[in-house]
Ligand code: AMP
Ligand code: MG
C-alpha cells in the first residue's frame, strides 16, 4: 500500500474523513501525539489498527469525540458528577476519561472490557476530522507497538509507511506526551496513565485523586492491569536505558559512561556538567522526550544513562514514560 503524506488542509481532511467512513485508517495530529484513527463504531476498521501497529489485542483504544453530544452514544448512563466537572475543566484537551461502555461500542475498541476510554482533543485538525467523519474516531498513538509515540508526521511515516493510506501533517504536537487517563468509574478518580493534565490540576477541580500502582512500578506477573497498556514494554529506544537516581547520580552517570566505552550516551534533564561526554539534554522534557528517544535510535546509541526527574506536575508523566523506556532498570547512586 502506498502511504500519502498530506498537509492537513480542508481538502485532505475531507479525503481523510471519507477514508475513515469507508473503514480505512488515517493518521492525524492531536495536541498530545499523532493518532492512528479508525471509525470507532466499526469493529472491522478498529481491528485494522491492531494489525497496522502490531498492537496486542488486549490493549484498548481511546475514542475521540468532537463535541459532548457524541458522548451519549459511547457510554452507558450519564457521566457521574466528578466526570462532568473534569470534562468542564479539561475538555477539549489532553485528558481521557474511562466510562462504562454502551452496547454500540464494538469489542475491538475496548479490547473486551466493559468500559470505554473517551477524549475530546483540542487540536483543530483532529476536531475538523472527527466532525467531517461524523463518527467518533478510535485512535491509539500512531507508532509501531513498543516504539516511542510519534510527535511529528515524519515519525509516523517512519513507523507506518506502506501500512496505511494517508497521514495528515499538522506540524509537531504541542504537548508531546499522551493524554492523562483517568478512571471515573470508582468511588474516587484514579490516574491510570499520567499525561499533560497533571494530578495537581485534576485535584484542583475534584479534590483527592488516586494514582494507580502501575504508573511508576512494574506490575507483578499475573496481576490485573487496570490500564492494559501499562503492562507492556513501551516508548522504548533500541538501546538499553538505565535511570540513575540519588544524590550522586551525575558522578555515577559519568563513571558508568566512561566504563561503557564509546557507544554510550547520557540523557540529561538537569544542568549537570558532563564535560566532553555525549549528552542529549532536554530543555522541555515532555515536549522533546519521544523525539529524543527516536534520535538515540537513529544515532545508533547502544547504552543510555538517564537522569531521573521529580515526579510533581508533568514530571510524573515524564517519569512514567522514562521508566518504561528503561524497562524499569533503575540504579541508585547513594
Ligand atoms: P495509546 O493511545 O496508544 O496510548 O493507547 C490508549 C491507552 O488507553 C492504552 O494504553 C490503555 O491502557 C488506555 N485505555 C483505553 N481504554 C481503556 C479502558 N477501557 N480502561 C483502562 N484503560 C484504557
Ligand atoms: Mg501508544
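Including glycine, each Cβ sits where the backbone N, Cα and C put it.
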Can you find which of 2, 7, 64, 155 TrEMBL lists as binding L-threonine at the same site as 32, 119, 139, 179?
64
Given that TrEMBL annotates 55, 59, 115, 141, 193, 235 as ATP-binding, name the residue from 122, 149 that shares the site.
149
Give the residue from the binding-site residues 115, 149 that has the most other Cβ atoms within 10 Å of its Cβ, counting over every protein chain displayed.
149
Other residues, Cβ within 8 Å of 32, 64, 119, 139, 179 Cβ centroid (L-threonine site):
30, 35, 62, 94, 96, 121, 126, 178
Near residue 32 (L-threonine binding site), which of the binding-site residues 55, 59, 141, 193 can be found within 10 Å, Cα to Cα?
141
Segment-level pLDDT (mean, integer) for the domain 'YrdC-like' (10-197):
97
Integer Cα-Cα distance in angstrom, residue 193 (ATP binding site) to residue 119 (L-threonine binding site):
13
Neighbouring C-beta atoms (10 Å sphere around the C-beta of residue 141 (ATP binding site)):
29
